[in-house]
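Q: Quick one: structure below, then a few questions.
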Amino acid sequence: MFYLLNSIIMNDVPTPYGMYFQDSATPNQEGILELHDNIMFYLFIILGLVSWLLFTIVRTYSKNPIAYKYIKHGQTIEIIWTIFPAVILLIIAFPSFILLYLCDEVISPAMTIKAIGLQWYWKYEYSDFINDNGETVEFESYVIPEDLLEDGQLRLLDTDTSVVVPVDTHIRFVVTAADVIHDFAVPSLGIKIDAAPGRLNQVSALIQREGVFYGQCSEICGQSHSAMPIKIEAVSLPAFLEWLNEQ
C-alpha cells in the first residue's frame with residue numbers, strides 16, 4: 001500500500017470524456033504540453049478582455065442608443081487592436097516554430113524501426129538487427145478481436161504483438177504504407193506522421209520512462225480503420241536485448 005501511494009500513476013491510454021492530453025513520455029510531447037498550456041494562458045486573457053469589451057459596449061448602447069451614432073473612427077483604438085493581436089501572435093508563433101523544428105529533426109538515431117501501414121494492420125521491421133537465419137527482424141501486428149480480449153486488455157487498442165524498444169535511446173521511426181494513406185500516431189510519445197504509399201516519412205522519439213504506450217491509425221483508411229492500433233512497449237536495455245534474442 002505504501003508503495004502504491006508513493007508511485008506516480010501515468011495515463012498512457014485514451015480515457016472516456018477525457019479533457020486533456022495523455023501523460024508525456026518524450027521531450028517532444030513535453031514541449032507540446034508546455035506550448036499548449038502557455039497558449040491557453042494568453043487565450044483566456046484574450047477571451048476575458050473581448051468578453052468585457054463586448055459586455056461594456058452592449059450595456060452602454062442599451063442605455064443610450066445614439067451614444068456612438070456620430071463616431072466614424074478612432075485612430076488610437078485602431079492602432080491598439082491592430083498591434084496588440086500581432087504581438088500576441090508573434091509571442092505564440094515563435095516558440096511553436098522552434099518546437100516544430102525540434103519535432104521534425106532526427107538526431108543521430110541509435111536504432112531504426114520501419115512501420116508499414118496496410119489494410120488493416122501494421123508491419124514492423126527492425127532494420128538494424130538480423131536474426132540467426134540472416135533475416136531482418138520483422139513481424140506483423142493485428143488488433144485483438146473483442147471476443148478474445150483477456151482481463152486488463154483494451155478494446156481496439158491491444159495487439160497480438162508489440163513494438164518493443166529500449167528507454168533512453170534515440171529511436172527513428174521510418175513510416176510508409178503499402179496500399180492507401182494511413183497515419184502513425186502515438187499521443188504519449190508526441191508522434192503523428194502520415195504513412196503514404198511510395199513515400200518514406202521519418203520521426204524520432206526518445207522515450208524516457210518504461211511503460212506501454214498506445215496509438216492508432218489517425219487517417220481514415222477504409223472499413224476497418226478503427227482496427228489499426230499501435231502498441232509500443234518501452235523496457236530497459238537488458239530486457240530489450242533479451243527480447244531481441246528471442247526473435
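Glycine is treated like the rest: Cβ placed from N, Cα and C.
Sharing the features that Swiss-Prot gives for it:
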SIGNAL    1-11  signal peptide
TOPO_DOM  12-38  topological domain 'Mitochondrial intermembrane'
TRANSMEM  39-59  transmembrane segment
TOPO_DOM  60-78  topological domain 'Mitochondrial matrix'
TRANSMEM  79-101  transmembrane segment
TOPO_DOM  102-247  topological domain 'Mitochondrial intermembrane'
BINDING   His182, Cys217, Cys221, Met228  Cu cation A1 binding site
BINDING   Cys217, Glu219, Cys221, His225  Cu cation A2 binding site
BINDING   Glu219  Mg(2+) binding site
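What's the neighbourhood like for each of these?
A: Counting only same-chain residues 6+ beyond the ends of the topological domain 'Mitochondrial intermembrane' (12-38), those with a CB under 8 A from a CB of the stretch are 95-96, 99, 102-103, 154, 157, 187-191, 205-209, 211-214, 234.
Tertiary proximity for the transmembrane segment (79-101) is limited to same-chain residues at least six positions away from its ends with a CB under 8 Å from its CB atoms, namely 28, 31-32, 35, 38-39, 42, 46.
Note: the topological domain 'Mitochondrial intermembrane' (102-247) comprises 21 helix, 69 strand, 56 coil (DSSP; helix = H, G, I, strand = E, B).
Long-range C-beta contacts of Glu219 (Cu cation A2 binding site), restricted to its own chain and to partners at least six residues apart, with a cutoff below 8 Å, comprise Ile181, His182, Asp183, Asp194, Ala195, His225.
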Q: Among the binding-site residues His182, His225, which residue has the fewest other Cβ atoms within 10 Å of its own Cβ?
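A: Relative to the other binding-site residues in His182, His225, His225 has the fewest Cβ atoms within 10 Å.
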Q: Near the Cβ of Cys221 (Cu cation A1 binding site), how many other Cβ atoms are there if near means within 10 Å?
A: 21
Q: What other residues of this chain sit with their CB within 8 A of the center of the CB atoms of His182, Cys217, Cys221, Met228, the recorded Cu cation A1 site?
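A: Surrounding the site, in chain order, are Gly117, Gln119, Trp120, Asp183, Ala195, Gln216, Ser218, Glu219, Gly222, His225.
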